[in-house]
Structure formats: C-alpha cells, structure tokens
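Contents: one structure, followed by commentary.
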C-alpha cells in the first residue's frame with residue numbers, strides 16, 4: 001500500500017535538507033517516491049506560494065488561511081490522491097499540520113475553522129507518518145541568518161515562531177502515533193539517522209501487513 005509521509009517544523013529547523021536521504025532510503029526498497037511541497041506542488045500552488053511568501057503581500061488572517069487551503073485543495077486533488085491511488089508513495093515538505101501551527105498557533109486563527117477546511121479539502125486524507133523536526137527558535141534563527149532574503153513568515157518576530165513551535169509540539173503530543181518528534185538541534189548526522197529510522201519503521205510495518 002502506498003504511504004503518505006510529511007515533514008514539518010518551524011522555519012530553520014532543517015527538515016528540507018533531509019528529503020534526499022529519505023527518498024534514497026525509499027529507493028533502496030524499490031519505492032520511487034513523489035517528492036512535493038506545500039504551499040506549492042502544482043503550477044497554481046507554486047504561484048500561490050510565491051504570493052504567500054512575498055514580504056510585500058498584505059492579507060487578512062482569513063485570506064491567508066484560505067489561500068493555503070486553496071493551494072492544498074489543488075495539490076490533494078491533482079497530485080497527492082492520484083499518486084497514492086496509483087500505488088506511488090508521496091513525501092511532502094509540509095502539509096496541514098503547518099497550517100495549524102503557522103496560521104493557528106502563530107497567527108491565532110481558530111483551530112476549529114482550520115479543521116473545517118481540513119475536512120472539506122482532504123476528505124479524510126491524512127499522512128501515514130509525519131516527521132516533526134523540532135529545534136529551539138534561537139537555533140533555527142541562527143541557521144537562517146544571512147543565508148538569503150527571508151520570506152514573509154521567516155521575517156516574523158521571535159514570539160511568532162515560538163507560538164508556531166508550541167503549536168507543533170502540542171499536535172505531536174496529541175497524535176504521537178503519527179507524528180514522530182525529531183530533535184533537530186542534534187548533529188546533522190544524528191538528525192538524519194533519527195529521521196531515517198522513523199521511515200524504516202514505517203517500511204517495516206508495511207512489510208508486516210503485506
């Protein structure tokens with residue numbers, strides 16, 4: 001059975017850098033995974049991503065949340081569901097946990113409203129495994145310092161990112177079976193090893209069900 005894996009974490013946690021290693025591990029098991037991201041993953045989604053991340057963009061909290069789910073709806077209907085239906089594994093850099101963390105925790109959007117949009121757009125679709133790369137905000141910010149121009153979310157004050165992190169950790173505590181917490185402030189090799197161990201456990205579980 002095809003599985004859906006997502007990577008989550010505050011900006012600067014380093015999750016994206018582990019995508020190639022995860023893809024390589026899956027390939028070793030004969031799995032050609034589809035790698036994608038949110039917001040994005042489709043032509044429309046990428047245009048919405050550019051708009052949402054542009055520091056010049058001004059939007060109300062509701063508008064921002066709806067744009068995130070508009071991109072997600074296109075992503076789910078045209079990329080994720082078709083891939084899973086064809087038997088292909090999907091690995092996404094962010095999914096709906098990010099909306100609960102950034103728009104819910106960071107911006108203060110009511111989680112019940114986010115959940116309503118989640119139900120409408122996803123129709124029950126949930127990741128089989130979520131890797132939450134967690135690091136203190138000061139560590140994450142230090143990693144981003146001077147590397148490039150920061151986007152609209154990365155430019156937010158430290159208090160915003162602390163709220164995002166707290167929301168992520170609350171979701172992990174509420175759903176420990178799906179969400180595996182990865183300490184992203186460890187040496188890179190150890191972070192990667194922990195992430196790959198979680199994926200290997202999913203592979204083993206799938207093998208046991210076959």
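A Cβ is built for glycine as well, from the same backbone N, Cα and C atoms used for every other residue.
Copied from TrEMBL, the annotated features are:
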- 9, 10, 11, 12, 13, 14, 15, 16: ATP binding site (BINDING)
- 7-193: domain 'Thymidylate kinase-like' (DOMAIN)
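Considering only the binding-site residues 9, 10, 14, 16, the Cβ with the fewest other Cβ atoms within 10 Å is that of 16. Taking the centroid of the Cβ atoms of 9, 10, 11, 12, 13, 14, 15, 16 as the ATP site, the other same-chain residues with Cβ within 8 Å of it are 133, 135, 140, 184. On the 0 to 100 pLDDT scale, the domain 'Thymidylate kinase-like' (7-193) averages 96 in this prediction. Taking the Cβ of residue 12 (ATP binding site) as centre and 10 Å as the limit, one finds 22 other Cβ atoms among all the protein chains shown. Applying an 8 A CB threshold to same-chain residues 6+ apart, the list for residue 15 (ATP binding site) reads 7, 8, 9, 93, 131, 133, 184. For the binding-site residues given as 11, 13, the lowest number of other CB atoms within 10 Å of the residue's CB is seen at 11. In the three-state DSSP scheme, residue 15 (ATP binding site) is classed as helix.
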